[in-house]
Amino acid sequence: METSSPRPPRPSSNPGLSLDARLGVDTRLWAKVLFTALYALIWALGAAGNALSAHVVLKARAGRAGRLRHHVLSLALAGLLLLLVGVPVELYSFVWFHYPWVFGDLGCRGYYFVHELCAYATVLSVAGLSAERCLAVCQPLRARSLLTPRRTRWLVALSWAASLGLALPMAVIMGQKHELETADGEPEPASRVCTVLVSRTALQVFIQVNVLVSFVLPLALTAFLNGVTVSHLLALCSQVPSTSTPGSSTPSRLELLSEEGLLSFIVWKKTFIQGGQVSLVRHKDVRRIRSLQRSVQVLRAIVVMYVICWLPYHARRLMYCYVPDDAWTDPLYNFYHYFYMVTNTLFYVSSAVTPLLYNAVSSSFRKLFLEAVSSLCGEHHPMKRLPPKPQSPTLMDTASGFGDPPETRT
């Protein structure tokens with residue numbers, strides 16, 4: 001959010017200095033090469049992963065995809081747009097050539113608008129997915145009637161509409177301007193940068209609201225919902241016997257990992273409270289045990305990933321906004337200069353690793369993803385459909401939408 005120079009400019013009118021020195025810009029060659037390699041890797045992996053995720057969802061549209069497909073498509077499009085627009089512009093104008101800004105005033109405003117739009121769309125989609133998952137796990141009966149694909153589509157559309165509105169101010173406060181003037185008082189063309197156009201006070205208010213709405217509140221909501229989901233999963237497993245009798249209506253602890261098992265547990269619990277008796281036998285399913293363990297780990301990993309990737313980015317924005325002009329010493333400039341590139345790299349990493357989270361959350365999506373990879377790699381295996389009565393999906397598949405029973409799809 002600063003300038004096309006990756007640190008606050010210190011323009012000097014001394015004509016005896018080089019333009020680098022007058023604008024306060026100096027990026028070492030080793031840093032340019034290093035961050036170019038990192039950006040190229042992130043761009044390649046992230047663009048391929050998000051494009052393939054969107055491909056999987058669209059191909060599976062009439063088959064196995066459930067509610068998760070809308071969230072996956074939303075996140076994939078946001079990540080793909082951010083990487084395709086953000087990384088090339090940043091490499092050219094923020095890493096290699098800090099000035100002059102060559103994309104014009106509209107390009108400056110559009111770049112920051114798209115950047116902010118994708119950030120909002122990502123966090124709102126993650127929060128919406130966490131809310132659906134929490135409801136599906138904690139209130140499965142209600143979730144069956146409420147969490148339809150049609151309503152999920154409206155939820156995703158609403159999140160993008162909100163993102164458009166929240167990102168629009170960025171196109172107003174950013175713009176192109178010249179940092180230096182010639183001896184005749186005319187703007188110096190070579191000093192053209194993409195930077196903030198509003199006062200420091202207005203910028204402080206904007207950044208505070210932006211950090212709160214685009215990071216703190218969505219992350220807090222996601223952490224809370226995922227915490228409730230994890231607690232409910234663990235509580236259910238502690239309440240249910242680990243074994244069940246053949247022919248008995250008593251669900252085993254392992255059977256809770258499917259939606260059918262979760263619903264039967266509710267019926268069984270009511271019967272048991274009214275005096276029903278159960279007898280137990282040994283029952284094992286190692287794969288489902290591991291599925292539950294993985295589901296709990298993934299819920300926690302989602303929050304941790306966004307904290308690691310986004311917290312430094314927003315901390316750096318606050319630093320730019322609140323450090324007074326007279327406090328920018330040379331060591332602080334140098335720190336900010338490279339901190340800028342590190343935080344933006346982490347920000348783009350979050351878009352690149354998002355497809356990995358899809359694969360970790362849903363075993364059904366993972367199978368579709370691997371089939372698509374195999375097909376694109378030349379094995380030409382078609383994306384096969386599962387039979388009408390597949391193996392019971394894991395609870396995380398049910399909660400996220402893949403593996404929905406046919407009657408719940410609309």
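Glycine residues also receive a Cβ, built from the backbone N, Cα and C atoms like all the rest.
Partner cysteine of CYS194, as given in Swiss-Prot, is CYS108 (from among CYS108, CYS118, CYS134, CYS309, disulfide bond).
The membrane topology recorded in Swiss-Prot keeps GLU90 and ASN334 together on one side. Of all the recorded positions listed (CYS194, CYS377), CYS194 sits in the most crowded Cβ setting, with the most other Cβ atoms within 10 Å. Counting only same-chain residues 6+ beyond the ends of the transmembrane segment (33-55), those with a CB under 8 A from a CB of the stretch are 72-73, 75-77, 79-80, 83-84, 87-88, 90-91, 95-96, 341, 345, 348-349, 351-356, 358, 369, 372-373, 376. Mean predicted confidence for the topological domain 'Cytoplasmic' (359-410): the pLDDT average there is 54. Proximity of distant same-chain residues to the transmembrane segment (338-358), defined by a Cβ-Cβ separation under 8 Å and at least 6 residues beyond the stretch ends, is recorded for 2, 6-7, 31, 35, 38-39, 42-43, 45-46, 49-50, 52-53, 68, 72, 75-76, 78-79, 82-83, 86-87, 90, 94-95, 118, 122, 298, 301-302, 305-306, 308-310, 312-313, 315-316, 319, 365-366, 369. The topological domain 'Extracellular' (177-217): residue composition by secondary structure is 21 helix, 9 strand, 11 coil, according to DSSP.
Helix, strand and coil residue tallies for the topological domain 'Extracellular' (319-337), in that order: 15 helix, 0 strand, 4 coil [DSSP].
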